[in-house]
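Trainee: Sending over a structure as structure tokens; questions will come in a sec.
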Amino acid sequence: MATKFPSFNQGLAQDPTTRRIWYGIATAHDFESHDGMTEEKLYQKLFSTHFGHLAIIALWVAGNLFHVAWQGNFEQFVLDPTHVRPIAHAIWDPHFGEGITEAMTQAGANGPVNIAYSGLYHWWYTIGMRTNEQLFQASIFMSILACWVLFAGWLHLQPKFRPTLAWFKNAEAQLNHHLSVLFGFSSIAWTGHLVHVAIPESRGQHVGWDNWLTVLPHPAGLAPFFTLNWGAYAQNPDSLDQVFGTAEGAGTAIFTFLGGLHPQSEALWLTDIAHHHIAIGCVFVIAGHMYRNTFGIGHSLKEITEAHNTRHPNDPHKGSFGISHDGIYETVNNSLHFQLGLALASLGVATSLVAQHMGALPSYAFIARDYTTQSALYTHHQYIAMFLMVGAFAHGAIFFVRDYDPEVNKDNVLARVLGTKEALISHLSWVTMLLGFHTLGIYVHNDVVVAFGNPEKQILIEPVFAQFVQAAQGKMMYGFDALLSDPTSSATIAANSMPGNHYWMDLINRQDALSSFLPIGPADFLVHHAIALGLHTTALILIKGALDARGTKLIPDKKDLGYAFPCDGPGRGGTCDSSSWDAMYLAMFWALNLIAWVTFYWHWKHLTIWQGNMAQFNESGTYLMGWFRDYLWLNSSQLINGYNPFGVNSLSPWAWMFLFGHLVWATGFMFLISWRGYWQELIETLVWAHQRTPIANLVGWRDKPVALSIVQARLVGLAHFTIGNILTFGAFVIASTSGKFG
């Protein structure tokens, strides 16, 4: 038996070429393809990896806590969170000369330091942390937690503690556990922390390990809870002139429904946040008691899905609704790829919403005034959402190749989707062309007339429908008089009749960037449709890749070729680029394109509002040269001056990263615009030269060098393209924002 890598594939381990190494790495996590893998073993291995994942997260969190406690300035930040720039960690670098050492000695530090743009300081401050000692304690706790979950991962691989396949496939038990215990209890536990620690700290009352059992979070204690007088917990909220972190203007309420932002911290009211978490927690605990499990009460998922059926005797829609769902329960419950696809899609949407809401409804005290952090967090979460969404479709496609059973799904809703794929794909194609030609056409028209000195001839379209939606939520500036912007509407009367004070109208109608609905005009209308083009094109490529995964008119037996194949054999020209993997690979370029437009839009619009110069976005955002000149070029200028012959400033590391990001990005094209034959010939030439150079022959190789496969080379190209893209734009966002606002 071969002992070479990879041990999980003995056939590959005996491959005499370097293909062994690259294919081994490529399939290391494709547990399904490993030698001797059974379904039960597969589930057990995956379950164990979850604990490893949790350990990595815990160690990462511990590292952040430890370095800030050791090298940061958290206690100074607590004293003045709007002016003290948070320090991520110190820098030790032997290359640092006097100039850069001086430039990077910032934020009151004694030596070179990195500034934190993660928002962690604001989060720790908001949840009631105040000292470095507390950060150290949290770091130690997270390190212990990491060890504990690593042990749990190892334990669940031992014969006595391996869960059975039946346990993994008990969908109802799994749903109940995740809903009630993981979501429900954790939300209620977090409410407990907010009520017992964070809210008292925000009112100047310290709660620690020494007194947390003796300090009542509310003067009335639990009496209102047991007497069902829950409204007592909402009475006497913090006043509008409360100073965050002190007793000045503080109330006693713990669960409120105030809406809007705390006037001083410019974040959501902590008592509103606590109310949100207790409500969510209760909803999830109830949801986790809905499915039939140990006691035989509750819903069966199989019965629920199969009742969605026009042939069902109790169908209330008399055959007009609910195509057969027979087989859907088995299909989802037996396919890890289907489940992963659903999970990734859900998480992708949630992550994108987090990006939006961190800016529109900031929940951490004073974070809204840290413009660089806000820009970094928005960009970070939108990029993550993009990766998750593409991953969702990738695993959807793998499901169709590996797990889909036409017999189980005969004539059900999934089979109907496959059966109508031509209509779905062609409609998406039509939408992308309509969006692309019209949006680009208007942009280019506007460029031409501006270039020829007639800016008044631009086509400028007011987004009236979007403005109406904003007005319906209470935005007054458009004069639409709809729902909440109409003082006589039933919505306004209902809102005004609610007891107590409420501040969401103040938030919506703010004049600064903190308004939850920023004013919009023709520039927003155009970029909105550009983003819609990116979304629909990415979706088109992904959906086509998944729905065509099993076969097409061109390649009817595609499912037998697998998820990733370069071409359909040497005898069939014109079949390259047709595997589902290729569709996901091609979609990544559009996804990166799209997410750049999304983040460009958010960043430029906010930069102009923060600078008090919104007219720049409104006027320059209606034509392409305006975007290139007044957003990209203008905001790159500080960056490219991070270092020059006359010296350096604190932006120089970002300037270098900006340059390096371009290099990594451009390197991607070397792999993307070449095929395997070129590299194979080059390698053979280098081998020839090596063998004819006496001194070089002192070094040999066990594996015969061969070029990467077509698919692997594409992956290498895409990886460089993606990482370069992110390095470049990340450096641009942070440097262009911090260069203006610190």
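Here the Cβ of each residue, glycine as well, is placed from N, Cα and C on the backbone.
Copying in the features that Swiss-Prot gives for the protein in this structure:
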TRANSMEM  46-69  transmembrane segment
TRANSMEM  135-158  transmembrane segment
TRANSMEM  175-199  transmembrane segment
TRANSMEM  273-291  transmembrane segment
TRANSMEM  336-359  transmembrane segment
TRANSMEM  375-401  transmembrane segment
TRANSMEM  423-445  transmembrane segment
TRANSMEM  525-543  transmembrane segment
BINDING   Cys567, Cys576  [4Fe-4S] cluster binding site
TRANSMEM  583-604  transmembrane segment
TRANSMEM  651-673  transmembrane segment
BINDING   His662  divinyl chlorophyll a B1 binding site
BINDING   Met670, Tyr678  divinyl chlorophyll a B3 binding site
BINDING   Trp679  phylloquinone binding site
TRANSMEM  715-735  transmembrane segment
Trainee: If you count Cβ atoms within 10 Å of the Cβ of Met670 (divinyl chlorophyll a B3 binding site), leaving out that atom itself, what do you get?
Mentor: 13
Trainee: Which sequence positions outside the transmembrane segment (273-291), separated from its termini by at least 6 residues, show Cβ-Cβ distances below 8 Å to it?
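Mentor: For the transmembrane segment (273-291), the nonlocal Cβ contacts are 171-173, 175-181, 183-188, 190-191, 194-195, 198-199, 234, 254-257, 298-301, 363.
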Trainee: Look over the recorded stretches 46-69, 336-359, 525-543 and say which has the most C-beta pairs under 8 A to the transmembrane segment (423-445).
Mentor: 525-543
Trainee: Where Cys567 ([4Fe-4S] cluster binding site) and Tyr678 (divinyl chlorophyll a B3 binding site) are concerned, what is their Cα separation in Å, rounded?
Mentor: 17
Trainee: Could you state the CA-to-CA distance between Met670 (divinyl chlorophyll a B3 binding site) and Cys576 ([4Fe-4S] cluster binding site) to the nearest Å?
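Mentor: Cα of Met670 (divinyl chlorophyll a B3 binding site) to Cα of Cys576 ([4Fe-4S] cluster binding site) measures 19 Å after rounding.
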Trainee: Which residues, sitting 6 or more apart from Cys576 ([4Fe-4S] cluster binding site) on the same chain, put a CB under 8 Å from its CB?
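Mentor: Spatial neighbours, sequence-distant, of Cys576 ([4Fe-4S] cluster binding site): Pro566, Cys567, Asp582, Ile710.
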Trainee: I want to verify one value. Collapsing DSSP to three states, which class is His662 (divinyl chlorophyll a B1 binding site)?
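Mentor: In three-state terms, His662 (divinyl chlorophyll a B1 binding site) counts as helix.
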Trainee: When only pairs 6 or more apart in sequence are counted, do the transmembrane segment (715-735) and the transmembrane segment (583-604) reach 3 or more Cβ pairs under 8 Å?
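Mentor: Yes; at least 3 Cβ pairs under 8 Å.
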Trainee: Hey, which of the binding-site residues Tyr678, Trp679 is the loneliest by Cβ count within 10 Å?
Mentor: Tyr678
Trainee: Provide the number of Cβ atoms within 10 Å of the Cβ of Cys567 ([4Fe-4S] cluster binding site), excluding the reference atom itself.
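Mentor: That number is 18.
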Trainee: So what sits near the residue listed as 'divinyl chlorophyll a B1 binding site' in its own chain, CB-to-CB under 8 Å and at least six residues off in sequence?
Mentor: Gly724, Thr728
Trainee: Helix, strand or coil at Tyr678 (divinyl chlorophyll a B3 binding site), per DSSP?
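Mentor: In the DSSP reduction, Tyr678 (divinyl chlorophyll a B3 binding site) maps to helix.
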Trainee: Under a three-state reading of DSSP, tell me whether Cys567 ([4Fe-4S] cluster binding site) is helix, strand or coil.
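Mentor: It is coil.
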